[in-house]
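Just below is one structure, and these are the notes that go with it.
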Amino acid sequence: MTLEEGGRRTCIKVTIILVNIPVALFGLVAAGLGIWIAMDDPSFMHFTHLDEIELFDTSYVKTGSYIIVAGGFGVALFGILGIVAAATESMILLAAYTMLIALAMAVEVAATVLGVVFKHTVENTMEKAIGRSIREEFEGVADSENAFTIHFNAVQQKLECCGFNNSADFSKATKWNTTVDNVIQQIPPACCKNMTLSDQCVANPTPVNSYTMGCKEALADLFERYFSVIIGVAATLVFCQLVMMILSFLMMCTKVENSYNFKE
């Protein structure tokens, strides 16, 4: 192996290690954050001010923490594998690392294609499912124990929306008692901008005291607002994965070539 080949090989090795160090650290930090949330979710709720959001379902936090822990450890192990594979120049570890990158890219591409192809199907299915749940389960009251009512109320407050398409969706809610304390409600309290002063709002909703946008439109606006960021992050991720896969493949080729030259 010439000095130039050795320098190129070292450069590839160092690049792979330097890229994977922050990946491994990010995974460990994410896993640590997830463990903190899972073990002490009240302090996390207070720290992030989520406890100030009315009707916020804390089960989301607990479930999310488990996902963060699993994802964090997965990312950390992936980064550590890249570091060890490059440092030891092990053909088996480099091959495993390259295959994992290729698998991750394949999953990302497949998910993107499926998302584009079945976008309208998913939207229609979701709209029908939510519409059916509003008709059959939605109770309207703020202190409901019904799971769908709790979650949908939280979404309406968080996204500042009313109904899935609009407030007319609630006219079909069979479990919503619209008469409370001799007040005939036109919209549920969760559609009001100030739920502590909701009596006037639910009886006579206006754009001033209530939300008028449907949650479907609010979700579309939220996605559109962050669309460029999502595309940028996704493109950067795919580019980095492609570079790492090429570098790992080059390191394996260099090792095989050196082994062949040594035998000669």
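Cβ atoms are placed via backbone N, Cα and C, with glycine included.
Annotated transmembrane segment per TrEMBL: 12-39 (among others), in sequence order.
For 66-87 (among others), the entry in TrEMBL reads transmembrane segment. Long-range Cβ contacts of the transmembrane segment (66-87) within its own chain (Cβ-Cβ under 8 Å, at least 6 residues beyond either end) map to 12-13, 16-17, 19-35, 37-38, 93-94, 96-97, 100, 244, 248, 251.
According to TrEMBL, the feature transmembrane segment maps to 94-118 (among others). Using a Cβ-Cβ cut-off under 8 Å and counting only residues 6 or more beyond its ends in the same chain, the transmembrane segment (94-118) has close neighbours at 78, 81-82, 85-86, 234, 237-238, 241-242, 244-245, 248-249, 251-252, 255.
Tertiary neighbourhood of the transmembrane segment (226-253): same-chain residues 9, 12-13, 15-16, 19-20, 82, 85-86, 89, 91, 94-95, 97-98, 101-102, 104-105, 108, 112, selected by CB-CB distance under 8 Å and a gap of 6+ residues from either end. Among the features that TrEMBL reports, transmembrane segment is placed at 226-253 (among others).
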